[in-house]
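**Student:** I'd like to ask some things about the structure below.
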Amino acid sequence: MADQKPQIFELNNGTMQVKITNLGCTITSLSLPDKNGNLADVVLGFDSVEPYLNRVAPYFGAIVGRVANRIKDGKFTLNGADYTLPVNRPPNSLHGGNKGFDIVVWEVAEYKKGEKPSITFKYHSRDGEEGYPGDLSVTATYTLTSSMTMRLDMEAVAENKATPVSLAQHTYWNLAGHNSGNILDQSVQIWGSHVTPVDQNIVPTGEIMPVKGTPFDFTTEKKVGASIHEVGLGYDHNYVLDCGEGKEGLKHAAKVKDPSSSRVLDLWTNTPGMQFYTANYVNGIVGKGGAVYGKHSGLCLETQGFPNAINQPNFPSVVIQPGEKYKHTMLFEFSIE
């Protein structure tokens, strides 16, 4: 709706406070207690909506789409038709193009307070928007389901044409606090024993590679900084999530632990992949309260369809048919350990 302006909404259950803007369904702040009960804001971001609007930072906190991650050369073919997308990160199309879902104003469909506060955003992406086929109705609901748990449900329905859809939540997490420096000392475990290796343009080659014996192995808990120097600029790789133990029909994707605060994040999802990204391109961005965010100042756990899946027949399909519903759930379970 044209009359909707970007504004910031709050979800608060007395333990956890989350601020989200209808610009890109962006999480601007998430405050949590540490082992001593001290609150800290654990997401990188800005105090107002202007820097998000002006794209000061690379997708901080936003939902990206219509298709997250890279599409090779900004081209694909579907049902015999060729589609050309904006090449906004040459030579590829990234995170939906020039004006992806992260930079549009969503409509607030529902906003509930109480002990399980929630907010639902919706957006109508029209046929041809950023080069993509067909009208798409999208909703995203954030809910604080318990004192230290947040759930995100993303849904999209293709109205009249088949289209690729793969949304991702692009929050940069720093469990020690957004202004605490780099995340190299935090430990990560990823329930993914394979990655999809990439070419020089960060597009998957199509291969599915075991992580065992490589710097990409996070199958057991490991400090982010332990072997980061062996992977170029840092981690920016899609993990093939294993089908492990389930919770509410979701599989365990990742666990992050900060030694200084004892804060832990367990992430559960239903997607086939997860981009693990260590803020390699963040460089001197001035954020909340004047905090300066440098390289590796946060980490992203972007559950997703595989990058460039639309052009890789051996990857799980990201195409939905008219009338079909895309569903992507993320459960962010925080704790103190």
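Just so you know, glycine gets a Cβ as well, placed from its N, Cα and C.
Quantities reported herein were computed from a predicted structural model and do not represent experimental measurements.
Take a look at what TrEMBL says about it:
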ACT_SITE  His170  active site, proton donor
ACT_SITE  Glu302  active site, proton acceptor
BINDING   Asn69, Arg70, His170, Thr171, Tyr172, Asp236  beta-D-galactose binding site
**Student:** Assuming the binding residues for beta-D-galactose are exactly those in the record, Asn69, Arg70, His170, Thr171, Tyr172, Asp236, what is the maximum CA-CA distance in angstrom, rounded?
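**Tutor:** This binding site's residues have a maximal Cα-Cα distance of 18 Å.
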**Student:** Fewest other C-beta atoms within 10 angstroms of its own C-beta: which of the recorded positions Asp236, Glu302 fits that?
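**Tutor:** Fewest other Cβ atoms within 10 Å, among the recorded positions Asp236, Glu302, is found for Asp236.
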**Student:** Mind giving me a neighbour count for Asn69 (beta-D-galactose binding site)? Other Cβ atoms within 10 Å of its Cβ, every protein chain shown.
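**Tutor:** The answer is 27 other Cβ atoms.
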**Student:** Any same-chain residues 6+ apart from Tyr172 (beta-D-galactose binding site) with CB under 8 Å of its CB? Would you list them in sequence order, or say none?
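**Tutor:** Spatial neighbours, sequence-distant, of Tyr172 (beta-D-galactose binding site): Val43, Leu44, Gly45, Phe60, Gly61, Ala279, Val282, Tyr293, Ser297, Gly298, Leu299, Cys300.
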**Student:** Between the residue listed as 'active site, proton donor' and Glu302 (active site, proton acceptor), what C-alpha distance do you get in Å?
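**Tutor:** Rounded to the nearest whole number, the Cα-Cα distance is 6 Å.
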**Student:** Return only the integer: C-alpha distance in Å from Arg70 (beta-D-galactose binding site) to the residue listed as 'active site, proton acceptor'.
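**Tutor:** Arg70 (beta-D-galactose binding site) and the residue listed as 'active site, proton acceptor' have their Cα atoms 13 Å apart.
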**Student:** Which ones in the same chain are close to Thr171 (beta-D-galactose binding site), with CB under 8 Å and 6+ residues apart in sequence?
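**Tutor:** Residues satisfying the criterion: Ile27, Leu30, Val43, Leu44, Phe60, Gly61, Cys300.
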